[in-house]
Structures are given as structure tokens and as C-alpha cells.
Amino acid sequence: MSATLSPAIAGELSIRSLHKEFGGVAAIKDLDLDIRAGEFLCLLGPSGCGKTTLLRMIAGFEEPTAGVIELGSTDLTKMPAHKRPVNTVFQAYALFPHMMVAENVAYGLKQSRTPKKEIGQRVDEALTMVRMREFADRSPGQLSGGQQQRVALARALVNRPKVLLLDEPMSALDRKLREEMQVELKLLQKRLGITFIFVTHDQEEALAMSDRIVVMYDGCIQQIGSAEEVYTRPANSFVAGFIGKQNFVEAVVVSDDGGALRLRSVNNTTILPEPNAAGDPGATGRPVPSVGDTVRVAIRPETLRLRVADGVPSAPNAVRGRIAGVSFLGDVVQYVLLIGEDTEILSRVPRSDAVPLPTDEDVLIEWDGADVAVYCDEG
Amino acid sequence: MKARKATGTADIRLLAPTILSRELSRRSLFAGTAVVGLLGLAGCGGDRAMASSPAPNGKIENNVNLYSWGDYDPPESISSFTAATGATVQVDSFGSNEELISKLAATRGTSGYDVVVPTGLMIPQMAEHGLLQPLQKELIPNFTNMDPNFTDQVWDPGNKYTICKAWGTTGYVYDTYTITRPMASWQDFLEAAMGEASGRTALLEDPWEVCSIALGAAGEDLNTTDEEKLDACERVLLDNLAPHVRAYFGAASTGMVQGGLALLQSYNGDARQGMLEMDDPEQWKFVYPTPSANLWMDNWAIATGAPHPDAAHALINHMLSPEVAFEQMDYIGYPVGTKGLEERAEEEGVELPELIFPAQDVLDRLTPSEMNEAQQRRVEIFSSAQARSGA
Amino acid sequence: MTSRFRKFLGDSALSFPTWAYMLFFFALPVALVMWYSFGFKPDQFTTHSMEQLSLGRYREVVSPTFLSVFTATLRISIVGTLACLVIAVPFAYWLAVKVPPGRRGLLLALVLVPFWTNFLVRTLGWQIILSPDGFVSEALQGIGLLGSPLDILYSRAAVQIGVIYNYLPLMILPLFVAMDSAGVQLREASADLGAGKWRTFFQVTLPLATPGVVSGCLLVFIPLTGDYITASVLGGANGTMIGQLVANQFQNAQNWALGSAMAVVLMLFTLAVVVVTALLALVVKAIIRYVGRVELPTGQHAGTDAGTAADLPEGSRVRQAEPAVSGTTTGGPHA
């Protein structure tokens, strides 16, 4: 009990060779992960990627097929869920319908036989913290989704867990409320200093809140990094495609001059990625393509520059195309560009930049070598 | 007074199914009558006059409705009647004379039942209330097959309304391994019940029969209406017998078969049925107790307002033919009152015939039960005895 | 007025099957039974007469015999209901919580199989099972657990076993549904908050299954109290139940007036037991709620009134332990 009562010393989790199978099908494949004390970590990936399974194994709801989960120096692997110093905010909140809000929040403290007076004090603080103090005597059924979520948060945090697990807690909220809660949650985490592990399939949510993002796919970690790192330096084409909008083009390596690749795309455009820049394969430990290999080239829509075509491009990193569609997305304008007959790419430019170009206009599309990423994988 | 019927044939040794069929027939009539009883409501009250009875016209109708005790008529006798006359028989069953009488009285001759089977002691009142119609003997030529011992009874002189269907008496059956001394009287029954058979004794679920134990043991008239004698009877039953009684049964054979009991008040045919089902026939012994016991007789009769009078008479006539009479005796385990039945039973090698046909000295000492003004008192004594046994 | 009347007719027309059923199969029969209970049996040839209304039958009902049988019945039905509950709760819990959903259908079917058999046949089966010469008796003697043949057939114990067997499925089904609907999520939430299996069961699963417990108890208690088949088949002199007395009046004595009075008394007592139990349950619930209540500091809550909270030794300890919390509330992320 003293452990859970001690000041919010956040947990440091280390996960080693974790493996989980359901009926012979692997959901988590030999996964290693270190989670730093007090960080806000997002597990991001499409549904079925194993992120929720990983979270449930940390919570203790699923037993790993193999591997170890340690919190600080404590081995959690075989510890039953109710003994772990972690708490969870569930996707559907899972508030106890037969208890008032205050009783819900007090539930965890009662299990640890906290003195009655202290329970009252801490429940009061927790409810005040999530701005639900005046709803203490309501039943969960009388609350809105957002209110229920705050109660669920208070119910978990009141126990001062070393690690707080959040399983897509925002998925039932409308967009505006979700954005408010993201800010609130992030601030709360900063103040409390508790390790947050947040599961989501929503990349914007992950980018907005996380100290680090773990991108998962098919039971494996694809990349671990800050929001900026996974966005600007995706480790592979899956991450590149999953996070943000991306233009993928297939190209062949024409020459390799000491790391300076020269690529030719299917429609004969020459692409020169900048060596040792964002997309440099060697820089992030990815395999380096050799001459003659087919690679996938990724260029973000917002890094493309457009101007009215005044001839055939002479320099590399440029191609001529035609505007097939224009759409306004609030603060940016998105162009759908057609290169040749069937290659479509996206371009996004800030709205204030210039007068939007009309449809059917022939344009010259240019980019910097530094914004080109090259992947050898299949994607 | 409840005439218990035993079922099955003598060679049945498979205990459980036999028990099931008997219990089913005994109980399932409860369910049936509950429903019919509710429907019968409609006919209650109002005009007390009886509907008139259609006269026989010499042409047998297509069907006939028989209202009898549960499982009291062998199916083969019914089907042979249908084969012979073309009339189908619809059989319905009741569990007590009271039930039969209420139904007939409530419907005032519109019950739709043709042939009914009341017990002898009920017949005078039923006839007096116009519930039965006189039989037309010329339509029942087989009446000549009847043994004169069982015709012209006190409750129906000249067989005006009824003809014997089956008769029997009451006694008790005991486990000879538990009770080793000779048993002969109701006094022996009382002593054994309070002695070696304590807690393993069962009585019949019938007020008159239970009272007859104490009255018989005291040598009183079993039909007595004397208050002092009934008071004494009550004291014996409540204080001496009841605390040792394990159960009250409609049919003793069930208790014999399930085991655990050592002394059971029982109708003769029922005891025989139970004994036939035992692996060890030596284990049980039946006693026609002295000084007296009940002599009961169930009787064929035709209800007032019977819609199928020709078929009704034909059915009774059919049941009195020697072949069918034997079939019935074999099926229910009680004599049906026709001539030559005992000889026939001997020829066919029927088992335990002494339990079907009491000896003449037994017959001579039996007392037919009466429905008299002390019946309510007997019901009270019986209920108190049951309560005392259950305490 | 007219439109309201028409509206009433229209609504009732829609619900015709429901109210017609209630009227013809519940209200009318009960009303008839109540009406008959004020009558009498004039003679042997009539089941009842309403020519003279009186409470005489009720005076007859309150006889020592009836009361002793009544007490015995009440004991059998209360013990039976509790036993069904005690057996059904773990079973329903196991079925709803531990058994993989794919196998539940089969197990539920197995629970229901006896129901496909006639009630009487099922009960008769127990006559054979409990018989002193039966296989159970012989097996128990064979392994030395019993020195003499099993001696419970035709006793109250046999009736008790019979009713528990006969009514158990009526307890299991609503309990299973209730425990199943509580859902795995809430049990996980409870475990997550530090409650072990037993605490989760008593604090979450069972309280949420209360409606199932209530309907299960009613479904068992009410028909069990009126049962007479089990008692007739398995009971001896001391297993008599009130239903037998009522059935006896209707079927053998053909005294509908007295039988009706008995039935009415039975109904009223059943109702009374249900009401008293419900009141007790409410009191217990209120007590549990009172004992388990959470008392938040009164007045201004701690977060906004730091001074008050700091005066409390407990509060100050908590505050030191987690200064960030009060910081949040005073500052407030949205302040």
C-alpha cells in the first residue's frame, strides 16, 4: 500500500521479447520496448496491429505467451491485474453503474483499505482535478460521454498509479470535445508526472499529445520516436504512409555516387534525394538500395511547389503535370495533380500563399532533394 | 373410500416403468380434472332439474363416453368392443367418488358421459338425486353371467341402477423379515406399527379406512356413528398410531416397491400387484385382518342424460362377457363379480389367486363401508392424524 | 372527451393480446377463487354455493392442521429458494464468466433438458434415486458412507431435495442472464482498481446481478410454495405441503369454497413473504450503501479552498504527497 501511496514516482517499464498468441495466431511478435518514467507514450497503429493487446498485457488482463514485463525492478509478468500498480481508463469507461460517481472514484482506494477520511479527501481532490466535483452524487448513467470520461480518469488517477493506461479513451467523444480533452490530458500528465501509455489509432491524437510515439503494425513495432521524428523521418514506408499524407512513387536506382542516389521514376522523372538527409536510408539503419533496384519514393504533399508551367523541366526534382482537382481544406489548398496519364499525386499549399491555380492548368511541380525519402521495402 | 386399481400384467418384472405408469395414471388425472372442472363451472347453479335421457332405439351409436377410475379398464377390452360394435370409446378418469358426483350434479345431465363407475355406498344418494338412470336389463343379456353373490346388493336392490364392476377388501401387507410374529388382526397391526415397524408404516389416504384400523382393533362397528367410540378411535390413532406412520398412500404397491417400509395398510389387489413386482415373493405377506374390514364394490351405471344409451348398454354388456371379464380381472387384479372367474383363474394359473379371491370366512366377516353422518368426523380425525404424523 | 375515449380504445386495441391474456387467465380466475372463498359447500352434490356469503371458510382454514402444514410449507419453500440461490449463484457465475461463450449454449441446454421432461416423471425419478433399495443408497453403503439403507424417501428431506431439483433451472437462467449482462469490462475495471476475484464478485458482479437474483427468487419461491406434485410423490406424512391440501379440497372433497379460501390465504401469505423480503432487502441495501458511502469534505471543496484543507493533518499529508493535484485544481487546465 505504501508503494501506491508514495509520491507520484512514475514507472519505468521495460518489455522484453514479449510474445502473445491467440489460438496459434501471433498478436504480438517478440516485442521489445522501454518506456521512460513520466513520459506520455502513444501506441499508434491500425486496428488489429496489437496495440490493445500490448496494453492489456501491461494491465494484466492478458497473460503473455512468452516474454517479460518489468516495472522498475518489479516483474509484472505473472502478477495478477489487481496487484499491479497500474490503472486503466477504458475505451467505454466501464464505470460501475450501481455506484455513484464518488463511489466509483473511491473504489480503488477502498480495495487498498485506505482510511475513510483519506478516501474522502482524495476522491474530492480527484473529482475537483477533472472538474467533476459537483457531480459526485450523480449516477454514471446521468452523465454525458465527456463527463463519464473525466470520472473514469479520476477513478484511475486517484490511486496514484505508477503507470496510467488509456485504451482509446477519446474514441466515443465528438471532435471538439476530443481536442479539448487532448490538451487537458496532456497538461494533467505533465503536472502529475505519471507515465501515460495511450493507445490510439488516430495519428492526429498521437501527434498532438505524445512525447514519443510507438507505431505498430502486425504485432511489431515499426518505429519509435517523437512526433516530429515519425512524421518527418518515417522509418519505413508503412510509417510514412500511416502518418500524415504521403505521395508514393516507384523509381529505379540509376546510379549511386557514394550515397548520392540518382533515381528515375516510371514516368521518366529524375529524382535526386539529398544524401544524409531525411530520406537517406543509411541514416536510420535501413537497407541501402543498389543500382538497378526498384524503390519507393515518398514525398509529402506540403513539400511540393507548384508554378504555372513555362516549358519542360530541365532540372531534376521537377516534373510537369496538370491540375485535376482543387479543394479547400480550411487553411490549406489541396491540389490533385495528374502526371502523364495515370499517376496522381497530392499537393498542399498554405491558402494565403497565392491565388489558387485553376483546374486543367499545366503546372511545373518541384521539390527539394532534402524532402525525398527512399524505401526499399514493399510498404 | 377409494378403490385402488393395480395395473400391468403378472409377468412384468421391470420395476421402474411399471411404477411410472401407475403414478402417471394416478396423478395425471389430477391435471385433467382441474381443467375439466373449470369448464364445468358454466353449468353450475340455476335450474336444478335434470335433463331428460334419450331412450335407446336399438341402434348402437358411433361412440360412447366412459367416465371411470384411472387405468381401470384394459385397453384390449375397449378395442374389442369397438371392433364388435363400431362404437369408439372415449375414456375419461376421476380420482374420487366426490369428483364424479360433483361433475354429474353440476352439469344436471349434460355432462355427456354415458357410462360411469361409482362405488356402492354412493349409489343410493346418486339415484335419489337423479344422477343415474335405470338400466334396461334386456339390453344387457350378459347380466346372467353375474355371480349372485355380487348382485342385488343393499345399496341397489334388484340391480335397478348398477351392476358390479369390481370388488375388493382392505387389509395390510407386511415385511416378514422385519415382523416375524404371526399377524392376523387390526390389533396386531397397531402393535407392529408401534413396535418393530415404527417409522416404516404407511396407511391408506382415506378417512374411513384409517378409522377402521382403530375401530376394528377395538372390535367396534366400522361404520359407527357413536361419538364416544369415534373419540376413542381418535385417541388411539393420534396418540398411538400416527407418530409411527411414515406416509399415507393411495396405492400401497408403490411403497412396497420403493422399499424402506415394513407395514402397509392396503387393498388386496394392490398388495398382490406389489408382491408380484418383488424379486423375493416370500418377503411380503398379506393379511385379511380380523375382526372385520371394508368390502367395497365399484359398479357400472349409466348417467342421466347419457347421449348414447344403446352404446352404453352394449358396453356394459360387453364387459360382462366371460372372456372380457377375465381380461379385466387379469388387468386390474380384482374380481369383477362374474360367475366361474375363480375357476378360470385357477385354470390359467394366475399368480397369488388368494389375494384376488378372499376365502368365504373372510367374505363373511367383511363390512361394506357406508356414507353416514359421521363422515365429516372421520375426515377430521384423519386430518389430525396426518398432521400428527407430520409433526 | 370523444377523442380521448377513442384514443383509449385505440391504445387498448393495440395491447389487446396482453390485457386479454391478463384478464382471462389471471384476473378472472383469481377473482373467481376469491369470490368462491366466501361461499360454502351446501351438500355432497354441489361444489359450492354463493347463496350465503360468509368468512366461515377462512375460520375453517385457520385450523391447527392447516397452520402446521403451512409452517412446514413455508420452511420448505424458503429453504428451497435459498438452496437454489446458493447453488445457482456459483453455477451462473461460472457459466457467465468462466465458460467460453461458444460452449455456453450447450451447458444452458443441459440445464434445460430436465424441463423437456414431464414434471411428474422427473419427480418420480427421484423416488427411484432416493429409494432405500436404490442405487444411490447401495452406492453409499458400498463405499461405507452409510451404515444402513438411505432413509429419506417419503420424508421432508426428500421433498426438499425434490423441490430444489425441480426449481433450480428457474433460478439459474435469470441469474445467468444478469451476470452475463454485467459484462467482462466491469470485472476488468474492478481488477484494474485492485479488487481480487472475490471482491469483484461481491462488489460488482453480484450487486449488478441483483435484478436476476430477485426475479430468480420470485420465480422459484412462488410456484414452489404452491407445488403439490413434488410433495405428493416424494413426501410422506411429514413432507406435506399446502398445495396438497388445496388440491385435495378441489379434487377429492369437492369443496371449492374451502379450497378457494385456502388458496386465497396461500396467495396472501406468499405475497406477504415477498413484500417482507423485499422490504428487508431494501433495508439491507440501504445499510450497505450507508456503510460504503464516500464522505467528501463538506463546504468548499479542498481544491479551491486550500487553507481549509491544509488545516487537516490528513489533507496536508496528501497534499505534500501530491502537490500537483491541488495545483491542477487551483490553476486548472482550462482556467
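Yeah, the Cβs are placed from backbone N, Cα and C, and that goes for glycine too.
Taken straight from TrEMBL:
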{"type": "TRANSMEM", "residues": "C:20-38", "note": "transmembrane segment"}
{"type": "DOMAIN", "residues": "C:70-277", "note": "domain 'ABC transmembrane type-1'"}
{"type": "TRANSMEM", "residues": "C:74-95", "note": "transmembrane segment"}
{"type": "TRANSMEM", "residues": "C:107-129", "note": "transmembrane segment"}
{"type": "TRANSMEM", "residues": "C:157-179", "note": "transmembrane segment"}
{"type": "TRANSMEM", "residues": "C:200-222", "note": "transmembrane segment"}
{"type": "TRANSMEM", "residues": "C:256-284", "note": "transmembrane segment"}
{"type": "REGION", "residues": "C:302-335", "note": "region 'Disordered'"}
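Most Cβ pairs under 8 Å to the transmembrane segment (C:74-95), among the stretches C:20-38, C:107-129, C:157-179, C:200-222, C:256-284, belong to C:157-179. Same-chain residues lying 6 or more positions outside the transmembrane segment (C:157-179) and placing a CB less than 8 Å from one of its CB atoms are 76-77, 79-81, 83-85, 87-89, 91-93, 95-97, 108, 111-112, 114-115, 119, 122-123, 126, 130, 205, 208-213, 215-217, 219-220, 223-224, 227, 230-231, 233-236, 239, 241. Outside the transmembrane segment (C:256-284), and at least 6 residues removed from its termini, the chain residues within Cβ reach (under 8 Å) are 30, 33-41, 47-49, 57-58, 60-62, 66, 70, 74, 78, 214, 217-218, 221-222, 225-226, 242-243, 245-250. Beyond its flanks by at least six residues, the transmembrane segment (C:200-222) meets 77-78, 80-81, 84-85, 88-89, 92-93, 97, 167-168, 170-179, 181-182, 186-187, 190-191, 270, 273-274, 277, 281 of its own chain at Cβ-Cβ distances under 8 Å.
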